[in-house]
C-alpha cells in the first residue's frame, strides 16, 4: 500500500494547519488521488491491523438501506455509535440515499438497483453514478456523507469505480473507505459478470488530525507486507443477497493495530 503511505507523507510535509468542526485541528491538503489495481490484491492496509469485520458489516448495512445502528450493534460493530441518537437513528444517511432517494412525487429511487441495471444494459454509459449527497437532506443527517459520490466505468470487460470523498480522515477513516469501496466494486463486478479493474479514490479535504501525528509517524516506520486476497462466494448473483459469510480474506499478514482517538 505504498500509495497510501505516500498520501500520509505528502500531508505531513505539505499540509496546511486548519481548524475543524471537532475542534481538534488538522494538517490538510485539498485534492489528492490514489489508484488501486484490484487484480493485484485486496487493498487492506498491512502496516496496521484493520478491523475487516466492521468494514464488511457496514457495507452490508448500507446496502440494506438501513439508517439505524441496530444491525451493526447486533454484529459487534461500534463505528457509528458516537453519532447515533438514543434510539440508534442517524437520519437519512448513506443507506437511505443509496436505496431510497426521495422523489418530489413521494416515491423513491433505488440507486443501487438502477446503477447495476444500467451497467448490464449499457456498460459504456457515463451515468453509472450513485450519490449520497442529497442537499435537501444534509441538515437532517447526524453526519453528512464524507464519501459522497461514486461512479462506475467499464472497459475491456473490467469494472472500475471512482469515489469522490469530500472529507477524508486519513489515519482512521480512509483505510476503511479504501477497503469498503474495493469490496463494493468486487461485488458489483460479480453480479454484472465483469472482471476487476481499478478503484480510484479522489479526496477533497484530505487531513490528518493533530492528535494522530505520532500514530501516522509510527505507521510510516513499518514495512508493508504483500496484499491479501479477498474471496467472494461465486454463487451470489444478487447484490442484496450477500451475507458476511460470503467473504473470506486469505493471506492477510499485518503489523499490530495502532489506537487513535476519533474526532466527533
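Cβ atoms are placed via backbone N, Cα and C, with glycine included.
For residue 146 (active site, nucleophile), the count of additional Cβ atoms within 10 Å of its Cβ stands at 19 [all protein chains shown]. DSSP gives residue 146 (active site, nucleophile) a coil state; it is part of no helix or strand. The active site, nucleophile annotation in Swiss-Prot covers 146 and rests on sequence analysis.
Take the CB of residue 209 (dUMP binding site) and look out to 10 A: across all protein chains shown you find 23 other CB atoms. Residues annotated as dUMP binding site in Swiss-Prot: 21, 126, 127, 166, 167, 168, 169, 177, 207, 208, 209.
Per Swiss-Prot, (6R)-5,10-methylene-5,6,7,8-tetrahydrofolate binding site is recorded for 51, 169, 263. Spatially close to residue 263 ((6R)-5,10-methylene-5,6,7,8-tetrahydrofolate binding site) yet at least six residues away along the chain are 20, 22, 24, 169, 209, 211, judged by Cβ distances under 8 angstroms.
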Rounded to the nearest angstrom, how far is the Cα of residue 146 (active site, nucleophile) from the Cα of residue 51 ((6R)-5,10-methylene-5,6,7,8-tetrahydrofolate binding site)?
19
